[in-house]
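Database features (TrEMBL):
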TRANSMEM  51-70  transmembrane segment
TRANSMEM  82-100  transmembrane segment
TRANSMEM  107-127  transmembrane segment
TRANSMEM  162-180  transmembrane segment
TRANSMEM  192-213  transmembrane segment
Amino acid sequence: MGSTVIDIPDGEGVVPGSKEKKKKVGDICCQFPIDLFFKEMKSNKHMTRKVIHSIKVGVALVFVSLLYLLDPLYKQVGENAMWAIMTVVVVFEFFAGATLSKGINRGIGTVLGGGLGCLAAIFAQAVGGVGKAIIVGITVFIFGAAATYTRQVPNVKKKFDYGAMIFILTFSLVVVSGLRAEQVLEIARDRLSTIAMGFAICLFISLLVFPIWASDELHDSLVARFEDLAVSLEGFSKEYFENVNEKEKSSFNFSSKCKSVLHSKTKDESLVNFASWEPWHAKFGFCYPWGIYLKLGEDLRDLAITILSLKGCLKSPTQPSESNTCRQPVKEPCEAIVASLAWTLRELGESIKKMKKCGSEDTILPKLKTVRQELSQIPGPSTFGTNNLERTDGLGLATFVYSMVEMVEKMEELAKHVEQLGQRGGFS
């Protein structure tokens, strides 16, 4: 019995009539996907973290399922074990800070909702009769409406929206249950204990087993944006002052990197929120100034907008044409200015990455001041000639110079915020 075989090229191409390497179908089906998977795991850090998170959730579900599987535990918690499983499924998030945030919110919402619900149920039972239904309806309306309104307050919605929703759910379930007061208290206690078990399992696995920190993600993504903007500036300089073909343009496409920076606001806000919940770990202590990261993100987005506006100089009909010599006298000073701005961005990014003070007062700001002086020395539109074409070309270059001046001002603001982060964040 022979094995089924298929032709596999050896990498150099297969010549008709030559001997070809043969591999079994079973070997290819089993080895190739596995090899490709592990190769992708090694090269893609984010995919590795996804796999780790998935395994952690699976392990947490196995642990919490023991409340059902082991008879001694099941006798203690009974059917309330399902609340522990629900807690793991709902609370366990990708980042440790997100898990901690949802767990604490769920705990606070359950305790407050259950406590107030029990009090309302006891009061309704004491009234009895028709008054019982009236009391239940009034309390559900008042607390439900008040909690829903609270969820719309921006500061509350940002951090405690999930807790307010759990409060409404728990309070309504407890009040409307219609059970006797003693049973309500007992059920609330049992459910709270199983929810606490589920949260404890989530917390233990999320924080202690290969933790994925939102603070690290925020820190690394912010540093990467400094490099992206520096590369974008250098790419624009090459495209503006040099004759490059379409293939070279695509290799340093500065607009795509700027657009990725522009779309980072929502991600930043989420990561800052999660990072503020995380405990002291590694280089980030308690009360770390995460709010400054939002300021830095805004500064970088402003810079990205300015760099994208430079793209208009490339497409504008008023830009200097390749046939005239309008760009040549200012090519070297402009390229030097762009190099200085790119160096400044990298220096600020490196300062945040290594958590070392950049000394903006001593190095960065004087450098930017020098760049501003160099920009002021670039010839204006009136120096490029007297005819309309030369004046128009000069105005195109003046637009570019004005954008660079605006960029210097924004970098000065960015340097001040980086310095502020170093002081409040305890940079060395």
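Cβ atoms are placed via backbone N, Cα and C, with glycine included.
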Proximity verdict for the transmembrane segment (107-127) and the transmembrane segment (192-213), three or more C-beta pairs under 8 Å: yes
Intrachain neighbours beyond the transmembrane segment (51-70), with Cβ under 8 angstroms and 6 or more residues off its ends: 41, 77, 81, 84-85, 87-89, 92, 94, 194, 197-198, 201-202, 205-206, 209-210, 212
Chain residues in Cβ proximity to the transmembrane segment (82-100) (below 8 Å; excluding those fewer than six residues from its ends, i.e. six or more beyond): 49-50, 53, 56-57, 60-61, 64-65, 67, 106, 191, 194-195, 197-199, 201-203, 205-207, 211-215, 217, 271, 273-279
